[in-house]
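Undergrad: Straight from Swiss-Prot, here's the annotation block:
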type	residues	note
BINDING	59-68, K77, 169-171, D340, 346-349	FAD binding site
DISULFID	C68-C73	disulfide bond
BINDING	G206, A207, G208, V209, I210, G211, L212, E213, E229, V264, G299	NAD(+) binding site
ACT_SITE	H472	active site, proton acceptor
Amino acid sequence: MSLSRTTQLPFAKRQFFQVLARNYSNTQDADLVVIGGGPGGYVAAIKAAQLGMKTVCVEKNATLGGTCLNVGCIPSKALLNNSHYLHMAQHDFAARGIDCTASLNLPKMMEAKSNSVKQLTGGIKQLFKANKVGHVEGFATIVGPNTVQAKKNDGSVETINARNILIASGSEVTPFPGITIDEKQIVSSTGALSLGQVPKKMVVIGAGVIGLELGSVWQRLGAEVTAVEFLGHVGGMGIDGEVSKNFQRSLTKQGFKFLLNTKVMGASQNGSTITVEVEGAKDGKKQTLECDTLLVSVGRRPYTEGLGLSNVQIDLDNRGRVPVNERFQTKVPSIFAIGDVIEGPMLAHKAEDEGILCVEGIAGGPVHIDYNCVPSVVYTHPEVAWVGKAEEQLKQEGVAYKIGKFPFVANSRAKTNNDQEGFVKVLADKQTDRMLGVHIIGPNAGEMIAEATLAMEYGASAEDVARVCHPHPTLSEAFREANLAAYCGKAINNV
């Protein structure tokens, strides 16, 4: 019997402690110490405790949840959701027969965001308590293969001896050379989530996921937003080219401005005015942009500073990541790493999966993850989501594929919701019909992509999904119709 997600805990505990008795002494203070209380770390800590390990989580910040819950996924979604409601009230309600006057109360919107964050971070604390996970607030440094020291705010140091150490320290904002972030006028994603007033003009460096989401928030609230992107498309790496073009067109209609194939040369500040110097990446054409808020969103980098990796001779790769094997194990057998500090997309759900799998592996179970089945979502309006390969990747790999598409304008639920922009696109192997990638732009794309992810995880064909009964009327029918088009060349409800 192997340890899996369906294994009963008594067996898991029994097998785990048999492994410990064979390989370790019993003098340590913990079975596992987790460095970092973000999505990967806190989930791993809880899972480890559920498997019977005495677990301690060390987090440097006062609240648990990491970047995602405190200054990332959660607060940004709160602002995206509420700014969308305001935009609908001002620009969409009248067409629905709703007459009203809506205005922005920014302090109240920020308070609602903060309340969401507070409830969720507090919830993790309760989960730790319920699962008997130890929590130490302090900065963790690895001083040996089985020892972590946590320096607390009062200057005291707590030493934790552990059979295993799991690094889940996350990532930090990548700085832009020559531009100093003050989180007031020149801001990172952190500052952009807490601006005290709506900018008149905002320039966003980077038209990836973070830049587009936060730019959308402030554009809806009244700012004139221009995104400067070095690449020739919006949406970052991995997005399907056709989807990206439609995405840019949609955001442009909303008032978003874009300068693509353009690099930022520098920025200077004079009082409340920021001057941004840009240059065409292809033609070398120079121009200047003026704004009162500059958002730097050029990505994130692994956070490993001060972890003490050199104390255990762990070297980083050329991108600052911790090298691990297929069991998330470093070159030191007792030290593991997951999430943003290792290779792969910097996504909270990817870190969560790795955390669960890693501790199951420590307990003697199997470890497997298919990174081709890790979905990505951009929570703008319309939403954009994808999983698997894009057309460009399949062409580059020389894979013969077929396409099935279905527009939301032909979907009954999208019609009744008066939210019918976008489409579902399915890429399937031309010979076997196996789904290779799914790309959605449109309403609730982030929710719909879960079905596609499940189908791909189980190796489904387009025909498999096309033959599954979907409830009517729902947006999910568009996914079925796209698979029908991929499988037999034609959807039912589209000419």
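Glycine too: its Cβ is placed from the backbone N, Cα and C atoms.
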Undergrad: Give the maximum pairwise CA distance in Å, whole number, for the residues G206, A207, G208, V209, I210, G211, L212, E213, E229, V264, G299 listed as binding NAD(+).
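TA: Comparing all Cα pairs, the maximum is 20 Å.
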Undergrad: So which one is it: of the binding-site residues G65, G170, G206, G208, G299, which has the fewest other Cβ atoms within 10 Å?
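TA: Output over binding-site residues G65, G170, G206, G208, G299: least Cβ neighbours within 10 Å is G299.
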Undergrad: Just jot down the residues in the same chain as E229 (NAD(+) binding site), at least 6 apart in sequence, with C-beta under 8 A of its C-beta; none if empty.
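TA: Set apart from E229 (NAD(+) binding site) by at least 6 residues yet with Cβ under 8 Å, we have G206, A207, G208, G211, F258, L259, L260, N261, T262.
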Undergrad: Could you check the recorded positions H349, H472 and say which one's CB has the fewest neighbouring CB atoms inside 10 Å?
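TA: Ranked by other Cβ atoms within 10 Å, the recorded positions H349, H472 bottom out at H472.
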Undergrad: How big is the Cα-to-Cα gap, in Å, between L212 (NAD(+) binding site) and C68 (FAD binding site)?
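TA: Cα-Cα, rounded: 17 Å.
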Undergrad: I'd like the Cβ neighbour count for I210 (NAD(+) binding site), meaning other Cβ atoms within 10 Å of its Cβ, all protein chains included.
TA: 24
Undergrad: A62, M346: which of these binding-site residues has the highest Cβ count within 10 Å of its own Cβ?
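TA: Counting Cβ neighbours within 10 Å, the top one is M346.
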Undergrad: Which has the fewest other Cβ atoms within 10 Å: C68, L212, the binding-site residues listed?
TA: C68
